[in-house]
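Okay, structure first, notes after.
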Amino acid sequence: MNWTRRSVLGAALALAGAARAHAAGPRVIVLDWALTELALLLGVTPAAVAEAPYYRTRVATPELPAAVVDVGLRSQPNLALIASLRPDLIVRLRHYGPPQARLEAIAPTLELSIYDADRRPYDRSLQALARLGDACGAAAEAPAVLARLDATLARASARLAAHRGRPVLIANFADDRRADVFGEGSLFQTALERIGLTNAYAGPTNMWGFSTLGLDRLARLEGARLVALSPGPPASLSQSALWRALPAFHDVVVLPPVWVYGGLASMARFATLLADALESESRQ
Amino acid sequence: MTRSLIAAALFAAAAALFVMSVARVLPPAGWLAALLAPDPGDVSALIAHYTLFPRAATALAAGAALALSGLVLQIALDNPLAEPSTTGVSAGAVLALALFGSAGLGGPAQSLVALAGGLAAAGFTLGLAFRGGMRPATIVIAGLVLSFAASAATTLIALFNHEWMRALFLWSSGSLRQNDWSAAANIVAFLAVAWLAAAGLVRAFTLAALRDAGAASLGGNPRAIRTAGLALAAGLAALTTAEVGAIAFVGLAAPHLARAAGARTVAAQLRWTPIYGAGLLWLTDEAVKLIPLDLPTGAATGLLGAPLLLALAGRLRRPSLALAPLSAPPRRLRPEWAALIVACVVALALALFVERTADGWALATVAQASDWRFPRALAAFGAGAAIAVAGALLQRMTGNVMASPDMIGVSAGAALGFLALLYAAPTAGAGAQLAAGGLGAGLAALWTLKGTGRGAAPEQPLLLGIGVASAFTGVVSFLLASGDPRMALAVAWLSGSTYMVDAGRALVILFVAAGGLVIALALVRPLQLLPLGPAARSSGLRVGQAQMLTLALASALTAAATLVIGPLSFVGLIGPHAARSAGCRSPASLLAGSALIGGGLLATADWIGRVALFPYEIPAGIIAMLIGGAAALVALSR
C-alpha cells in the first residue's frame, strides 16, 4: 500500500497548496464534506466541520488539521456549539441539514450546491469554488486551485495512456448482491473524460450520478474493467461461485476510500488513485 | 378440491411470470442445461443458474417456512393474528447485524450473526413469558416491546455508521436476490426437520386448539405444548430471517388462506399452509420483479398485507381465555402531586439551563436558554404530555392498559398521514400536516379498535398495531427505494427528533396538549363509565357518541405529538402506567398525572439526547424508546 500513501499525500499537498492557513481570514464553519474540500483547496482552514473525524477517514484528502472542531452530525449539527464558536461565515449544502433561517440567526450563511437536479456537479463545483473564494476573501486562490487540478488530471491521464483501450466500470458495493455504478451526473464521469478513459456504464443515473444494479446487470457489462471503491466486494461475494464463474469480474481493482458525494478534491483523488492502481499493476 | 385449485392458481400465476423473466435472459432450449450444469462460457446461463433459479427456490422455501412458523405460532398462542415477527426475531436479527457491523457482508458470517440475534430475541421474549406462566398476552407484549426497543437501538447505531446503514436497510427490508443456492438449501433443510417436528406435535396441537382448560382435562400439558411450539416457530422464523431479511405477513396470511380454503383440522392446516405460503411469496416476488425500482420483496408483502389485516380485524370476535396483561398495582392511595410537579420543574430546568459546551458542562443564562433550548424543551414537553394524555384516554376507554397510541398503531397511522401529505403536497403548512396526521391516526384507531370488541383477547389491538407498523415500514421502504430526495426530510423526522422545531411549532404543540387535557378532563364522567361496557348504557350515557369523541380527541393529540417527535416512543404507554403507579386512579388524576409524567419524560429524553454524545445529537424519540422499553421489560419480568 506504500504507493498509495505516497502518491495520495503528494497529490494532496500539491492540491492544497501546502494548506496555508489564512491567519487573518474569516472564521468559517462548513457543514458538508464536499464543501470542506473546496475550502481546504482554497487554503481556507475551517474553524469547525461537521463529523470532522469521519471526514479524515472517508474523504481523507485534502487533510483536515487536527485542531478543526467537530460540530456533530452533518444532517443535524449542534447549533449551540456552532453559535458558541462565533463564526463569521457558515457554509451549508442546499437540500441538506438545518434550514437556512436557523443558521442565518447565528451568522451569515452561504448556501452552495453541487449535486442537484440539473446533474452538472462539475460546473456547480466551479461556481461553488468561486463563491466560496469570494466569501472567504480567497478568490485570488481559485485560478491556482484549478491549475493544480488540471495538472493532477493531466498527470493521471499521461500515466493511464496504456489503459485507454478498455472501458472501466466504477462500482461501490452496497452489499454482496448489488452495487452503485457511477455514470452521467457524477464527478467520476468528469474525471474519466478528463483522463481519457471510457465509462462502461452509460445507463440512467440518479441525482448523485449513480444507479444501483444487481449482479446480473453488472455481469452483462462484459469486457469492462471493474474498479471498486473501498472496501470493495464483500469476501462472501468474491468467493462465490457466480463471481468466480463470471470472467468480467476477475481482475477487479479496489481503490482506497473515495467520497462518492465529494467535490473537486475527491475527483482528483479518484483520478490519482486509479492511475496508481492500474500503473502499479501493469508494472508487475 | 378448492384447496388444490387455489394452490394450482397461485403456482400457475407465479410460474407464468417466472417463465417470462427467464425467457428474457435465455431461450427455453437452454433452461435445463442452465439449471443443472451451466456452460461456464455463457454469461446468460450463469446468471440464470446463480441468480434467477435460486431466487425462485428461495422464495418458495422462505414462503413455506414463514407460513409454517406463523401457523405453529397461531396455534401455540391461540391467536389468529400471531405471525413470525411476534416473537421479536426480526428486530433482534437486525440489531445484531447493526451491533457487529456485519450487514451486507453476505455469506455465512451475516447469516450466523442474524440467526444468533433472532434466536437471542426469541429466547428473551420466551424467557420473560415463561416467568409469566406462558400467557399469550405476555408473549405478545414482550415481543412487541423488545422489537420496539431493539429497533430504537438499531437506529441509534445506524445514526453514527452511515456506511452500514444502506446495507442494513437493504437487508432488513427483505430482498430475495441471490448469488447462489445456499439460502434455499439452508431453509429447505431446516424446514424439512421443522415440518416433521410439527407433524409429530399434531395431537398436542389439536389439544391446544381446544384451549388450555380443555387440553389439560384431556391429559395434555398446555405449557409444554406451547413452549415446544413457540421454540419451533421462533427457530424457523429466525433461520428464514437470517437468510432473506424481514418479510412480513406471509406467515400471517398463509394459515388464514389455508383455513379459508377449508383446511379445518390441524393436520390439514399443517399440510396446506406451507404450500400456500410458498405460492404466495413466489407470486409476490415475481410481481415485484416486474417493477423497475428494485423494490425489496419484504416492502411489498408489508404493503399487500395491510388490507388482509383490515379484513381479518372485522371478523375477529372470538372470546379468549387469555388473562389481562400487566397492570401496575397502585402503591399509593393518593397521587403525589407535589413530587410530580417538582420532578417536571427539575426536568425542564435541566433541559433549559444545563448544557454541554466545547469546554465541558455549563449553566446557561436565561438569555441563552431562550434561543434554541426554549422551543425544543417546550415542544418535547408538550409532545410528551399530548401522547401520554392520548394513551390515558385510549386505555380508559378500552379498559385495556396496553392500548396506548404507540402500541396499537395510532402513531404509525399519524405518520402514514404525514408521509402521504409530504409526497402529495411537499409545501403544505403545519395546519394541513396536523389534519393529515389526525386523519391517519383516527383511521388507524378506528381500525384497531374495531377488532377489539368485547370478548376479544387483550393482545388483539397490539397485534393489529403490529400490522399497521408493518404496513408503515413497507411504505417507508417503498419511498426510500424510490430515491426521492424529499424523503431525506421524512427519514430525519421519523427518527423522532425535536431538532427542526421552532418557536411557532412549539407553541402549537403546547396549545394542543393543554387544550386536549382540558377537553379530556371534561370527558371524565364518560371515561369513568366506558370501561364498564353494557352497564355504561344503563347509566344514561350515549356510549357511541362518547367513544367517538374520545377517539377523535386521542387521534388529534397523537397527530400533534407525532408531528413533533415522530412515531417512535413509548411515552403513550409508559406515561399513564407510571401515573397509575404514582397513585393516579380516578380518570381526572390519571389524565393530569399522565400529562405531567409524559411531558417530563420526553423533555428529559430530549436533554439526554443533546448532552449524551455532545456535539452529536440523539433524537429524543430514540432515548424515550430505550428508557421506556427498558422500563416496560423490567415491569414485565416482575
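Note that Cβ sites are derived from N, Cα and C of the backbone, with glycine treated the same way.
All annotation found in TrEMBL is predicted automatically rather than curated by experts.
Record features (TrEMBL):
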| type | residues | note |
| --- | --- | --- |
| TRANSMEM | B:52-77 | transmembrane segment |
| TRANSMEM | B:89-106 | transmembrane segment |
| TRANSMEM | B:112-130 | transmembrane segment |
| TRANSMEM | B:137-161 | transmembrane segment |
| TRANSMEM | B:181-210 | transmembrane segment |
| TRANSMEM | B:230-254 | transmembrane segment |
| TRANSMEM | B:298-316 | transmembrane segment |
| TRANSMEM | B:337-354 | transmembrane segment |
| TRANSMEM | B:406-424 | transmembrane segment |
| TRANSMEM | B:461-483 | transmembrane segment |
| TRANSMEM | B:590-609 | transmembrane segment |
| TRANSMEM | B:616-636 | transmembrane segment |
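Taking Cβ pairs closer than 8 Å, the transmembrane segment (B:590-609) reaches residues 335, 340-341, 343-344, 347-348, 350-351, 354, 376-377, 380-389, 391-393, 396, 497-498, 513, 517, 520-521, 524, 565, 569, 571-572, 574-576, 578-580, 582, 584, 617-624, 627-628 in its own chain, all 6 or more past its ends. Sequence-remote contacts of a segment are chain residues at least 6 beyond its ends whose Cβ falls under 8 Å from one of its Cβ atoms, and for the transmembrane segment (B:112-130) they are 87-97, 99-100, 102, 138-139, 142-143, 146-147, 150, 227, 230-231, 234-235, 237-239, 241-242, 633, 636-637. For the transmembrane segment (B:616-636), the neighbouring stretch richest in Cβ pairs under 8 Å, chosen from B:52-77, B:137-161, B:181-210, is B:137-161. Spatially, the transmembrane segment (B:89-106) is adjacent to the transmembrane segment (B:137-161); three or more Cβ-Cβ distances between them are under 8 Å for residues at least 6 apart in sequence. When each of B:137-161, B:230-254, B:337-354, B:406-424 is scored by its Cβ pairs under 8 Å to the transmembrane segment (B:181-210), the top-ranked stretch turns out to be B:230-254. Within its own chain, the transmembrane segment (B:406-424) has Cβ neighbours under 8 Å at 144, 148, 387, 390-391, 394, 432-433, 436-445, 447-449, 461-462, 464-469, 471-472, 475-476, 479, 484, 486, 489-490, 493-494, 554-555, 558-559, 561-563, 566-573, counting only residues six or more beyond its boundaries.
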